[in-house]
Amino acid sequence: MIDLNNLTIKKAHQAMKAGEYSCLDLTGAYLNEIEKKNPKLNAYLEVFTESALKEAKIADKKFKEGTATLLTGIPIAVKDNILIKGKIASAGSKILENYKATYDATVVKKLKKEKAVFLGRTNLDEFAMGASTENSAFGVTKNPHDIERVSGGSSGGSAAAVAANLCLAALGSDTAGSIRQPSSFCGVVGLKPTYGAVSRYGLIALGSSLDCIGPIVKNVRDAEIIQEAIKGWDKSDSTSLREVKSQKLKIEKSKFTVGVPNIRLTDGQIKSETLKNLEEAIEKLKSLGYKVKSIELPNLRYAVPAYYIILPAEASANLARYDGVKYGLREKGENLMETYFKTRGRGFGPEVRRRIFIGTYVLSAGYLDAYYNKANAVRDLIKKDFEKAFEEVDLILTPTTAGPAFKIGEKSADPVQMYLEDIFTVPANHTGLPAISIPYGQAEEMPLGIQFIASHQNESLLFKVSKDFLGEKD
Amino acid sequence: MIGKNDIENLSKLARIELDEEEKKSLAEDIEKILSFVEQIKEAGGEIQTEPAVGKLRNIMREDKNPHKKGIHTEELLETAPEREGAYIKVQKIL
């Protein structure tokens, strides 16, 4: 029996290298777990049993030849809005239910090059719009810690799969917190890289100025390994960052300062346990030798409202391509115009329709300055707040979420309540900053998470301090 | 105030069919969401047209070495809802 619960990428690599078990054994072990637990959790929308076993054999060959890299044979799950050539990419939507990807996303191409094993595609809120997977056209993903609760979203399938040992690592995407919030809810590690550090080519677009692909994993070192593998400039993504400086950081703790913004109980729906947990995290940082300082981010309270203007605007433009002509669902009407209306009316679920309508409204003639342009001005203010903060501190600490995973159905009736889920995570998307959620503490017997935010392209700082905080050895 | 007329107009712009019941519920939701996002009116900041992050850069390449003609045709056409030979079939436009 392979101890999947305590497995890391490095441990699995060493075991396969030493011949303790083969990649076929490892892949088989995960497929067994999936068969046992997935019907209840609904983390995977599809399991690639056949191709995964084939890939495992290829990986085993690489080990035999001595050409295996760290990710060779590592069984991973992919959020179902990231394209894998020849596989369905549904984005959790009826409109793409049968759409087969015609090319590999850059991140997938990079992982394929290392001969990772693709176990399947994971559930998400439709087009990644949501914070609970309740907006998926294919049912909610349940939280492995308590199946009456949500796994978070939108990358809820990926986070639940990692937490329940249904894969060793997973890819998610994060537009307002969609990697970090479900990671926090499921008690795992989630990284949203610097905007542009990882190519978006082959990620089904939601909000193009906010979207990032990143890892969801069991520990910080694994996040670092996946991030190293998937990052890099890409000619196919015009917002891809050309220079990614790799910093060798020697942290002198006595001079290293972590900033904590003033958070009030009135911010969003923050629970008192969350604030208490944050206080404990601060004490722990201090005991580890870090300096902790309170900071002001005065425009933080506008982050969620500004997001729910910018995102719907960008999404309504991005989703205009689903028209029933080139690919995806076609609901035929009397004429072409009617076909458009029917296809989009029946193919998109309620939250997607809601956001397309909001986006259409805020972009319509006469409203542009009042909404979209104003929201971008606010976004710039938020960016300046963070720039100012990083003049005084090296990292910023916040809770990842206002509270632990909520009950299924608890927030689905009120879109604004659901939107407030993003309160601590969305600033990193507005600003393009890298941020990580790591498990720390509990409330209502469910995991809580804390979030570190670094300045641009300083992922290495996030890894270093997170490992130190969790007592993780390389 | 978002009324039924506004929703019908948005439905036309977004090309999304709605039934009567949803027109009502969407009007309520959108009203609620707009009053929430309108908080940003209290914030400062100069209106600008340049985005704060994610600046697009043109990525140019030499106009040469095209891929071989037709190598992607079949797989792309296969994703179309309806086709005729090497064409995607749609209803009459004019």
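Cβ atoms are placed via backbone N, Cα and C, with glycine included.
TrEMBL lists A:25-462 with the feature domain 'Amidase'.
Under the DSSP three-state reduction, A:Lys79 (active site, charge relay system) is assigned to strand. TrEMBL lists A:Lys79 (among others) with the feature active site, charge relay system.
Annotation comment: TrEMBL describes A:Ser154 (among others) as active site, charge relay system. Cβ contacts within 10 Å of A:Ser154 (active site, charge relay system), excluding its own Cβ and spanning all protein chains shown: 34.
Over all protein chains present, the Cβ of A:Ser178 (active site, acyl-ester intermediate) has 36 other Cβ atoms lying within 10 Å. Secondary structure at A:Ser178 (active site, acyl-ester intermediate), as computed by DSSP, is coil. Per TrEMBL, active site, acyl-ester intermediate is recorded for A:Ser178.
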Separation of alpha carbons, A:Ser154 (active site, charge relay system) and A:Ser178 (active site, acyl-ester intermediate) (Å): 5
Pairwise CA distance, A:Ser154 (active site, charge relay system) versus A:Lys79 (active site, charge relay system), rounded so that it is a whole Å: 9
Cβ atoms near A:Lys79 (active site, charge relay system) (within 10 Å, other residues, all chains): 31
DSSP-derived class (H/G/I helix, E/B strand, else coil) of A:Ser154 (active site, charge relay system): coil
Overall pLDDT for the domain 'Amidase' (A:25-462), taken as the rounded mean: 95
